[in-house]
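Novice: To start, I am sharing the structure in question, which I have written as structure tokens.
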Amino acid sequence: MQLVFKKFLKSINDRLVLLKIYVQNSPSIRVKEYDPDLESDATKRKVSDDIVIDIQNQNVLNDKLVRKNVLLSCLFQIMMINTLFLNIENILPTWIPDHFPEYHAMQISFILMQVSQLGATSFIKNEKYYLYISIFLRFIQGIGSAQVNTSCFAIITFVFQDDREKYIGMAESASGFGLMVGPIVGGLLYNSFGYFSTFFIFGIILAANLMIAYLFCPDYLNKSIDETDQTMNPKGCKEVSFKMFLVNRRANFAFIGCIFVCISMSYNSAFLTDVLRTEKNIDPYYHGFVLSFPMLTYTVSTIYVCKILKYFPRRIFIMISLIILATATFFQGPSQILNIPESNTLMILGFGLCGIGQAFVFIPLLPEAIESVYIQEDIVEGENEFQDQILNDLASALYSTYYSIGMILAPTIGGYIYESIGYRNTCDFVGIITIIFTVMFFTFNVGFKIIKQEKLIAQRQANLKAKYQERLSNLTSQDEIVRINNLIDDKSAFKRNLSIEKEDLFCSPVKLGLISYQQDQTAEYIMEDEIDL
């Protein structure tokens, strides 16, 4: 027992010795300059407590378990909101004509598709009240859906900066899985329990998302960031704004590309079920499977995007994916312009190919927009965490905005054109505008010298990063290290101030890195070694 106690005391001593704190260029971990002649005991304790609290907040995301929980929570949120989206798309075109035959079902359908999700409206008997209340409820639900999408993609792009395409691919895969199972599960529940019970069950499932987010996402991600907080954003750092994206050619093409993908994905959402029943003579029992087939190929395709991107510049990959989308749309008719004979097999093949094209375009769009801003503004990613977080938040917000614009335009344009020229010509129209955008994308955003340009950009960013690393090494101040070491020399006082208890010493290690520097008499410190608190 005595030997164990001695080892325990030795472990305390070892961990205190490892507390070497360096000055670096990070906006998130900071301690006021310590002056033992001026600071009171209470201030000393507060400074010591702030060191531990800030260090834990900054480094909690380095913990593998925390990263895993954050990822799973975000993926589940994205999956569930998309599950309900396509679940509605399968149920409404069947339910509305049976209950409101005197009101134009097509008008109700494509209006409802424009403003997200639906509330429980089965008890409304008047068709006009049903339309107005449904629009209001779907508008409210759409706000929540947009917030979930924006927040999840912002968290993923910020927490998993090491490989954005990989983790955004996982998010899109979860989205595709939700869209795939939505019509199948929704159709089964609707046939078994009816309209009200189906939405009530999904409402309970969506309510469970709140508990999952609360339990698995760390408090560190819940902190709001004030862009005007100069203590968080040191002088000399560029102010991040929407303007950085809106004046950036590559970012604009990425976001506009998101609109075209949404149009190719949802232009037929208001009338596809009706087309399958009346023009294609497909039994309603199989409608859910037809609607979910593009999402099946979408989900599978997301797995291979990161691997394929290793062999192509991102912009070339996006252009090829747009060509795949246009080809898929011509098959969905099948095309009358190309004189392709009527075939349900070709139509379903077109849906599957469309899912592949959507996955290949969606995943690289957000990383393309973020990276283009880093390149144009000469910003080194990782130099300033505050800057990185704001930039990722704004990029995700714009991405969700353009996505929403596309989802609003898709059923509106598709429904109007379908009423005017029919299903097959509508598919041709969408295919043609996709080809036009692809030509514009190549002409103004890719060009014939893309390979050479990508090499020059990569070399330029590498040089900027090397200069940043050199500046960090030059800014290391031995005087600051000595000052902080004086703060922790009294080991017993340090233990008392931090309330270190015996069991706390056996928690999982907290990884700490080197990312800050001194500016305007503000010393910013971080521990370089792994310690157990």
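Cβ coordinates come from backbone N, Cα and C, glycine included.
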Novice: Per TrEMBL, which of 5-24, 285-304 is transmembrane segment?
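Specialist: Range annotated as transmembrane segment by TrEMBL: 285-304.
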Novice: Tell me, please, if the transmembrane segment (429-451) and the transmembrane segment (285-304) are in contact, taking contact as 3+ Cβ pairs under 8 Å between residues separated by 6 or more positions?
Specialist: no
Novice: Excluding the flanking five residues on each side, which residues at least 6 beyond the ends of the transmembrane segment (316-333) place their CB within less than 8 Å of a CB in that stretch?
Specialist: 254, 257, 260-261, 264, 268, 308-309, 340, 346-347, 349-354, 356-358, 360-361, 364-365, 368, 423-428, 430-431, 434-435, 437-438, 441-442, 446, 450
